[in-house]
Each structure stands twice: as C-alpha cells, then as structure tokens.
Amino acid sequence: MKRFSWDEMMNRYPAFFAILLLVVALIINLILQPNMFARDTLNSNMRVFLPMILLAAGQAVVILGGGIDISVGGIVSIVNTILATQVGLNGSPEKMWAYVLVSLAAGILAGAINGFFIAFLRLQPIITTYATSFLYVGFALFILPNPGGGIPADIANVYRNTTPLGLPLAFYVIAVVLVIWMYIRSTRFGNYLYAVGGNAEAAYETAVPVTWVLFSTYVVSGFMAALAGIAITMLSGSGNAEIGVPMTLTSITAVVIGGTALSGGVGGVAGPVVGAITLGIIQNIISFSRIDTWWETFVKATIIVVALAAPGMINLLRRKKL
Amino acid sequence: MSVSLSARNIVKRYGGVVALSDGNLDIHSGEVVALIGANGSGKSTMSKVINGVVVLDGGQLLLDGKPVRFSSPQAARKMGIATVFQELSLVPKMTVADNIWLTREPLKTNGMIDRKVMREKTEALLDLFSGTFKADLRPETLVSDLHPDEKQIVEILKAISLNPNILILDEATASLDSRQVERLFELVKRWKEEGKAIVFVSHRMEEIFRIADRYSVLRNGKTVGQGDIKDITEKDLIQLMTEKEKVFQFTKAAATEETNGVDHQVYLEVENLTTETLRGISLKVKQGELLGIGGLQGQGQRDLLLALFGDIPYQGTVRIKGEVVRFKHPRQAMQKKLALVPGDRAKEGLLYIRSILENFLLPSWQKYGFPLKMKLAKRDALAISERLSLVMSGLMAPVSSLSGGNAQKVVIGKWLLRDPDCYLLDDPTKGVDVNTKAEFYALLTDLSQQGKSILFYSSDDDELIGLCDRVIVLHDGKIRAELKGASLTKENLIAASMGVSNGGEA
C-alpha cells in the first residue's frame, strides 16, 4: 500500500479540505448556538445560505473550465430587480412563475454574452466579466434605481418556510444540484470540462471542442446566478439593484475554499457547495460571538485568509520534510 | 489494408527562417522509415507537416497517390495518421484512461461514460507494455503522478488506440528505458505486419539500425539521401548528415594561449551532478577556458547550466576555486560571480517590454545606491551598449523593439556590467543573425583571454568545433564523449550525439 498522499487526497476528493473546515466551523457554531440543529434554526440558516450555494456551484463550473466569472453578482441584481418591479408586492402566483422563467432566460442570455466574448473572441475572462458586471449592475439600476418593490409575502413564505419531511427546502435543492452535477461529471461533457481546464492545448490537439465547452460554462454560470437571484429575492421579499454586488467575490472564495483550484481542471462542485455553507457558518459564528461591528469584517477576512492559506501551508510543510 | 504517403519537395518557413526547403519522404504499409538529421535539420518540422500540426508553405502531400492538405491535427487523424508527440499532449490532472479515450469515451445509453468498458479497454492497451512499468500505472492513475517514461507510454497508447494506418513516433524512445524500448520494438514489428506504416524519428543510431527498414536523411531542411537501411553503414549515414561547407572562419584564441604555457587554475569542478535529467556529470573547467557542451537538444544541457546557477535542485558536488558551493538561489550564484544566459531569451533572459536601460541594470541596481544615481547608471549602460555595438534607437527603447541578435546582446550586456568570472551560456546564438554571431564569437574569445571561464552550450556544431578547445557531448543526461584536439571533428561530434559508442574517445 502506498503511503497516505495528501496530493492524492486533494485530487481524488477535492471537497476533503472543505469538509474538514465545515466540521470545525460547525463545532464552534454549535458551542455558541446549542439549538442550531433545531428545525426552525436550521431552516432559517439554510435559506440564507442557499443563494450563495447556487452561485458558488455555477462559479465552480466556470473555474473548472479555466475561467472566472465576476459578473455573477450583476446577474443576481438583474433578476432581483426584474422580479421586484414586474411581479410587485400584490402580484399573482402565475405572474411570479412567468417572471421566474423570464429571469432564468435573462441569466442564460447574460451568461451567453460573457461566453461569446471569452470563448469566441478569446478575451481575458477576468477583464471581460469585470466589464460586463458593470453592464449588468447598470442595467439592474436602470430597472430599479432606488431600493423598493418586491414580491408578495405569501410567495416569499413558500421559500422561507417550506420544510418537507422536517428538512429545510435548501437541502432538497442542494441534493438536486449535486445529483445533476454527478450526472454531468460522468458524461463526455464532464470530461471535456476537466480537459479544457487542465490543459486546453492538449484538449484541442485531441479534438475536444474547446470553444463550445468554454462558452457553455458561462451559460451554466449565468443560469445558476439567475437561480441564486430568484432565491435571494424570495428570501428578502424586496428589490435592490445592489443586492448581488458583494456576492461575486464571496462565490469565488467559496469555490477556492471548496478545493477547486483557480487554475482550472481540479476540483468539483460539491466542494464549493460545502465552501458556501462554511462561509455562511463563519458569518453566523461572528454574529454570535458578539464581536464589535467594527471588527466584524476584519475577523471574517482573517478566518477566510487562514482557511485559504491552510492547504498551501500544509504543502509547504510537506515539501520541507521531503 | 495498404496505404502510402509521399511528401514531395516540402517547404516550410517560420517567419524568415527556412526550416524545410526541400523535404521528401515516402512511407508504405508494412515498413518503418527512419527520419534522421542533426540539430535543426528539419526533422521535427517534417513530422509536423505529415501530422497536420503545421501547414506547409510549398510542396505536396500525397496520400495513396491523391493530393491531401491537412488543416489541423484532427484532419490528419481522420485520415488515419496518428502521432506520438515528443511534447506530450496529455492533461495532467486527468486519469490515464480519461486521457487515452478523451473525445472517444465509450458511452452508456443514458449518456454517461461507461467507466467499466473504458477501464477494460485501457487495461487491454496497458497489457501491451505489461511488465515494463511499475504497478502504480493503472487506468485510474492521474497522469501527473506518473514518471516521464510512463507518460510516454500513455502517449504511445493514446496514439495506437486510434488504430492508425500511419504512426509517427517522434523521439518516442527518448524517455523510455531499455526494456520499454525493447517492448516498443516488438510492438512496432507487430504493427508493421498488420500493415501499418511507421515513421521513426530518433536520436539513437543503434535503434535506427535495429528497427528501420528504410531511411531518409535531412540536412539543413533538404532531404539529402533516401534508401534501404541494409545498404548503408553508420559511418555513411553520419557522413550524409554532416555538412562539408563551412560558413565561418573561427579563430581559436584560447588554444594559442595554452601553448603559451600560461598555467591556469581549475575554476569550476563538478562531481557526479545529478538532477531529474542529468545522470552523474563530472567535469572541470579552467580559468580562461571555453568549454563547449554539445549533443542533441534536450539531453540535459539546460539542466546542467541551470543547476550550476542554483536554479534547480541537484545532487552532487560543485566546487568553485576549490571551495564547495551549494547554490539554492541564483542570487548566491551571482554573488560568486557566475552569470547565466538562458536559452529562452524573451521569457527568461529579458523583461521584454521594459527598456534596454532597465534590462542592462537589472542585476546591478544595488551598485547605484539610494536614490539611484541615474546619471551614472545611464553612462555605464551606454558604455556597455557601445562595447557590444548595440543597434538601438536609444536606451529607453523597449527590448521588444530590438532584433533577436541585439536582444541577445542585452542579455549578455547585463552580466558584463557585473564582470562575472564564469559565464554559463545556453545556446546564445539561436535565432541570431550572421553578423551578430561573428561579434559574439569575438566577444567570447575576448572574455576567455581575460581569464573568464565559459560553459558554452550550442545546438550549432560548427560553433563548438570552431570556438572551443574542448567539447563534452551529452547524451541521455550523461557525458558521452569528450572531444579535443584532433578528435574534435564534426563527424565525431555527430556520432557521439547520436550515441554511437565508438564515436570518438579522446
């Protein structure tokens, strides 16, 4: 038997480190909030985490393919403002459903625009999506210049309070996302995704349709951002064109904590989902530990930096030993 | 199944450099053709023309007598031509099986990849080489965890899994050990009997005589000889690869100095230097000596220079003027007055978009204090550029505005400012125009007369013979031969590079 190989663990089980981190965060959270596994507490936590989970899953697909999507927050904002202005506080459920579909289409379109520039015109992903992020947030501000509007409270409550079989709705959504991901992972497209992210040139020489694979990752990301936008709108019940802006960097952080390398081709979607939950719990811990608001961002950032640096530090120590 | 491919009068230019001016090759079912040539003779380009990686500028490719044009490797692949690339086309973070079957994965009816079938097919392929690799090469092993020889095997299997009619083996044996080569040759024989045509590009003369049926020799982009391998001897082949005419008149300054009876001390002493590619190199360089390093490309020359400069980790002992040193960082080597002119000047030797001035002064800024004495710095840089007769629009012009030869002068110039004792040169005249080359030769002779030690790797055999007193020839990470005096001839140099054992012992 070979000796335990950290590299191999990280490769085979990209979510390994994320789960380790999640367990630590859960234990600390449990000490601070002993009732956190009670049905209501669990649900109120998970419904807050869900938008970021969806966003991180989409971001993970882009990053696996070797790109990055900085415009996801903008897409969340567009969806939020569409729903808040078009459905309104007194809208009917039918209207809500219709605009959910419109939102998803908007997300796919926004993703396709990113994908077109990056895959077909070969522009830098980071610059392209940075530019389109302004486009998308700007469009959201055009739809809804000042915070306001919203969706009917009873529709929002469906999202907030549904707990089939006593489990939060978010658990079911996560399960569906992971099952779909596992299916994609084991199709030819899944292999292409890893090949393009891992070594685009070799993939091209082996006749992988590199351009289309890249394009599709941004469409997937746009779609997932739209889902995240729908979720966060149902959570808040109101509209705000700036709502998605801070979510972009958090989604990238969740992906990295989840063991999916920014260089592409390594990792998966399960890790980033766990990473998003972990980031949510870290936020929880900070609120419960009654840290002065002034310090909150600092403490949060420190935890994230340490979490991000940990695998690198472990590798450094391993190298020293060799 | 019968197939034939003919390349006629192939021309291929890269920018202004002519890689192939008249390349010819004929391949038929059931035979192995060896494509032979010295460094830069165009054999890599020739195989890239056949497999569609480069588009040819002139000439014709005939497949079964019909003209064809390959716009991409895929187009050639569809026509049944597969290549085992020297630079591997594998995705490191994917498994062996995923890599071999990428884009051709067996699918189940629900669209999922049938991992079981893929695994079995991969195992069947791996069985071809069974017993020649370690047990950890399995279908589910990540390619990044494999050794170079195992990666090469995967690359070979990937090509053969396409069941091609024509298989190009471009230096496929370079990283294989003898047992693996043995197995590959058995397989090649089997494939030959199945009617495949095989193009075998190799550095190793012994292998060529063992496996090839026919040969085709390239020299300076021209096919200078084709025929049956049984009708030719090693010596004649080497003769064919060797050029008669000489372009340069070289003056050997160091040689005359030695005859003057000046007794120089040993400057650099290397014992049993071992890295990933080097397998125990020992050598001595005296002060004022210009030691040539020869051999075909990628035989460890680069590693030797980088290891001495503290750029890559190594095992073994290095002594400078008798004192044991162990550089862990190029900075330490610089402090001991070593200088490296790396092989890829645009990437490693220069800040390409920054000014000539900055590039000159990069290793020497600390001399100019704080705040920087810019006037002095400019004067020094100007003096160096005059000494090198650098053709430029001004010191503030970016290096990217210079021609290849002038850019290389900047790389050397930045070290001249530090006045090192020892220069490590990695193919400094590659892509440099004729006049600049002549200037370099003068500079090198000048430096060695000043008592500087120079390790000079060149892919141009004429340079080595013309300039150096002594040339070591590297082959497979070992010193194959040491040539000096009367034994330093082009025939001996090429023979030693090709691994011919009686090449030329000094």
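Glycine residues also receive a Cβ, built from the backbone N, Cα and C atoms like all the rest.
Since this is a predicted model, take the numbers as computed values, not measurements.
Per TrEMBL, the features are as follows:
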- A:12-32: transmembrane segment (TRANSMEM)
- A:53-76: transmembrane segment (TRANSMEM)
- A:96-120: transmembrane segment (TRANSMEM)
- A:127-145: transmembrane segment (TRANSMEM)
- A:165-184: transmembrane segment (TRANSMEM)
- A:212-237: transmembrane segment (TRANSMEM)
- A:243-262: transmembrane segment (TRANSMEM)
- A:269-286: transmembrane segment (TRANSMEM)
- A:298-317: transmembrane segment (TRANSMEM)
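Fewer than three CB pairs closer than 8 A are found between the transmembrane segment (A:212-237) and the transmembrane segment (A:165-184), and contact between the two stretches is not assigned (pairs 6 or more residues apart). Comparison of A:96-120, A:243-262, A:269-286, A:298-317 by number of C-beta pairs under 8 angstroms to the transmembrane segment (A:12-32) places A:269-286 first. Long-range neighbours of the transmembrane segment (A:127-145) within the same chain, counting only residues 6 or more positions beyond its ends whose Cβ lies under 8 Å from a Cβ of the stretch, are 68-71, 73-75, 77-78, 80-82, 84-85, 110, 113-114, 117-118, 239-242, 244-245, 248.
When each of A:96-120, A:243-262, A:269-286, A:298-317 is scored by its Cβ pairs under 8 Å to the transmembrane segment (A:165-184), the top-ranked stretch turns out to be A:269-286. Residues 6, 10, 17, 21, 253, 256-257, 259, 278-279, 282-283, 286, 291 of the same chain lie 6+ residues outside the transmembrane segment (A:298-317) yet bring a C-beta within less than 8 angstroms of a C-beta in it.
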